[in-house]
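Have a look at the structure below before the remarks.
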């Protein structure tokens with residue numbers, strides 16, 4: 001790869017060229033990142049310590065919360081450190097590494113949301129067989145499959161980019177190593193490669209998003225036979241899941257289901273996908289979930305009791 005590349009590092013222009021405004025953005029990112037870590041870790045601790053949250057849904061939610069922390073950690077800390085150090089450069093290897101990790105966690109998230117939708121489908125449409133179908137072994141295999149699938153997706157993206165020569169310019173009009181930005185900087189024809197990227201990322205996002213929407217439609221239609229209380233509980237859970245699905249997939253589809261061109265709004269979509277959504281997910285899952293809120297209250301009471309001793 002070194003023989004093909006004259007470029008050894010890239011310059012990231014960030015969200016804005018206004019230094020003072022960029023400092024404000026970084027401060028906001030810091031607050032949001034800390035909130036993301038604390039919120040998601042609180043959910044993980046609550047689920048692990050609560051005996052009432054032992055269903056597969058909460059098992060998957062634990063991994064989704066951990067994933068949100070890791071996904072957000074790919075972007076936010078570097079943006080904050082770059083601002084403090086006044087450094088806006090990233091090496092070619094660092095750029096490709098960041099790209100791989102972004103798509104790895106993103107791919108895992110997509111598959112995990114699909115698994116969670118299937119879990120809700122079985123719980124609502126086949127309640128008598130739920131414990132058999134969603135056994136601990138099956139749940140572990142599904143989570144493992146999500147991580148393997150995410151790794152394969154990211155590896156394909158990395159292999160696409162690994163062979164591209166970069167000979168200048170080396171300026172990326174973004175705050176992260178964006179896939180399409182890199183393709184536009186390549187000193188070779190990337191038309192075919194752009195189509196492959198769209199197929200690997202864009203088509204995958206659209207296909208899975210449509211499958212998820214269809215799944216939740218089937219689930220909602222099956223609620224007619226439920227009691228009013230059961231219907232309300234199922235609707236509350238499904239609406240939370242569906243909100244997270246929309247927040248995750250809409251930016252993904254916008255960013256990758258299109259020709260290899262860049263737009264100013266790409267930065268806002270990247271902020272939404274990597275910083276805002278991981279922060280909102282815990283709030284969405286807990287605000288309408290009585291079981292989680294009850295478990296959090298019990299956990300808080302335990303902490304107060306320990307602190308009082």
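Positions of Cβ are set from backbone N, Cα and C atoms, glycine also.
Some features that Swiss-Prot has for this protein:
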type     : residues : note
TOPO_DOM : 1-23     : topological domain 'Extracellular'
CARBOHYD : 6        : N-linked glycosylation site
TRANSMEM : 24-47    : transmembrane segment
TOPO_DOM : 48-55    : topological domain 'Cytoplasmic'
TRANSMEM : 56-77    : transmembrane segment
TOPO_DOM : 78-98    : topological domain 'Extracellular'
DISULFID : 95-187   : disulfide bond
TRANSMEM : 99-118   : transmembrane segment
TOPO_DOM : 119-137  : topological domain 'Cytoplasmic'
TRANSMEM : 138-156  : transmembrane segment
TOPO_DOM : 157-193  : topological domain 'Extracellular'
TRANSMEM : 194-217  : transmembrane segment
TOPO_DOM : 218-233  : topological domain 'Cytoplasmic'
TRANSMEM : 234-256  : transmembrane segment
TOPO_DOM : 257-267  : topological domain 'Extracellular'
TRANSMEM : 268-287  : transmembrane segment
TOPO_DOM : 288-309  : topological domain 'Cytoplasmic'
Any contact, the transmembrane segment (24-47) to the transmembrane segment (234-256), with at least 3 Cβ pairs under 8 A: no
Criterion met for the transmembrane segment (194-217) and the transmembrane segment (268-287) (at least three Cβ pairs under 8 Å): no
DSSP-derived structure type at residue 95 (disulfide bond), helix or strand or else coil: helix
Overall pLDDT of the topological domain 'Cytoplasmic' (288-309), taken as the mean: 80
Residues in the topological domain 'Extracellular' (257-267) grouped by DSSP into helix, strand and remaining coil: 3 helix, 0 strand, 8 coil
Residues satisfying Cβ distance under 8 Å from residue 187 (disulfide bond), sequence separation of at least 6: 165, 166, 167, 168
Per DSSP, three-state class assigned to residue 6 (N-linked glycosylation site): coil
Where residue 187 (disulfide bond) falls in three-state DSSP terms: coil
